[in-house]
Amino acid sequence: MDMRSHEMIERRREDNGNNNGGVVISNIISTNIDDNCNGNNNNTRVSCNSQTLDHHQSKSPSSFSISAAAKPTVRYRECLKNHAASVGGSVHDGCGEFMPSGEEGTIEALRCAACDCHRNFHRKEMDGVGSSDLISHHRHHHYHHNQYGGGGGRRPPPPNMMLNPLMLPPPPNYQPIHHHKYGMSPPGGGGMVTPMSVAYGGGGGGAESSSEDLNLYGQSSGEGAGAAAGQMAFSMSSSKKRFRTKFTTDQKERMMDFAEKLGWRMNKQDEEELKRFCGEIGVKRQVFKVWMHNNKNNAKKPPTPTTTL
């Protein structure tokens with residue numbers, strides 16, 4: 001078998017006025033095949049059409065499949081601004097959709113013509129994504145962020161996901177705190193007695209203050225103004241009447257004379273005499289101390305002079 005091949009390659013460059021001219025490559029292949037076995041002469045001529053390659057026009061197939069993404073449509077719906085946030089409430093103006101006050105690109109375009117609020121206070125909607133989709137997406141992202149970790153600070157939830165603190169119910173195990181130290185009644189069946197009730201006790205009449213008045217007054221003053229204020233506030237809400245000790249006329253006269261003898265104050269050197277006196281008239285020491293505290297101002301007042309004509 002005898003084969004002859006002749007190949008001629010001609011290259012020609014043409015300048016068509018462009019910065020980068022095209023390259024024309026023409027390949028002409030002529031092949032003559034002699035088949036002596038069959039006795040046939042087959043002449044085959046293969047001609048390749050000329051192809052113009054321009055690297056500016058040739059692009060990879062992947063570049064044609066990638067198209068520029070269209071700009072998403074953004075709309076601003078109802079206004080979510082809470083006008084009572086400073087006082088802990090929840091008040092909305094009822095604006096249903098953002099309406100720019102000016103032309104696009106100006107500062108006035110960022111303010112709503114209906115509610116006069118900034119555009120950021122309105123709910124943002126992109127390509128028809130509603131608030132329910134945004135909530136589900138936020139929950140899904142928040143779950144994966146907590147499960148697998150994520151950098152940066154935690155983003156706040158959408159405004160429609162925020163809860164009003166005034167609408168939260170109290171804890172199920174919540175019980176009011178009772179101040180047993182000041183709220184317990186004495187064994188005798190009386191109610192709670194406060195320093196304020198001592199101040200309003202008064203000096204005259206047949207009913208006087210009991211010994212528990214001054215005892216509580218001394219405790220509250222010793223523990224500070226904070227404990228006294230809390231105890232008085234709790235006592236004002238109590239509906240029980242406080243216990244009062246009644247004195248006879250003879251007891252009041254003898255207590256008046258003995259208080260003037262002591263100078264309306266209890267000194268340490270008079271402690272023995274004070275115990276003996278309280279045992280004689282049948283009055284407790286604390287009861288006498290409270291009575292003296294309530295009546296010393298009235299007893300020290302000088303008598304009003306009488307004018308004679």
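Heads up, the Cβ atoms here are built off N, Cα and C, so glycines get one too.
Among the features that Swiss-Prot reports, DNA-binding region is placed at 240-303. Under the heading compositional bias 'Basic and acidic residues', Swiss-Prot lists 1-16. Residues annotated as region 'Disordered' in Swiss-Prot: 1-21. Summarising the annotation, Swiss-Prot assigns site 'Required for DNA-binding' to Met292. Under the heading zinc finger, Swiss-Prot lists 76-125, citing sequence analysis as support.
Around Met292 (site 'Required for DNA-binding'), the same-chain residues six or more apart in sequence whose CB sits under 8 Å from its CB are Met255, Ala259, Trp264, Met266, listed in sequence order. Helix, strand and coil content of the DNA-binding region (240-303), in residues and according to DSSP, is 44 helix, 3 strand, 17 coil.
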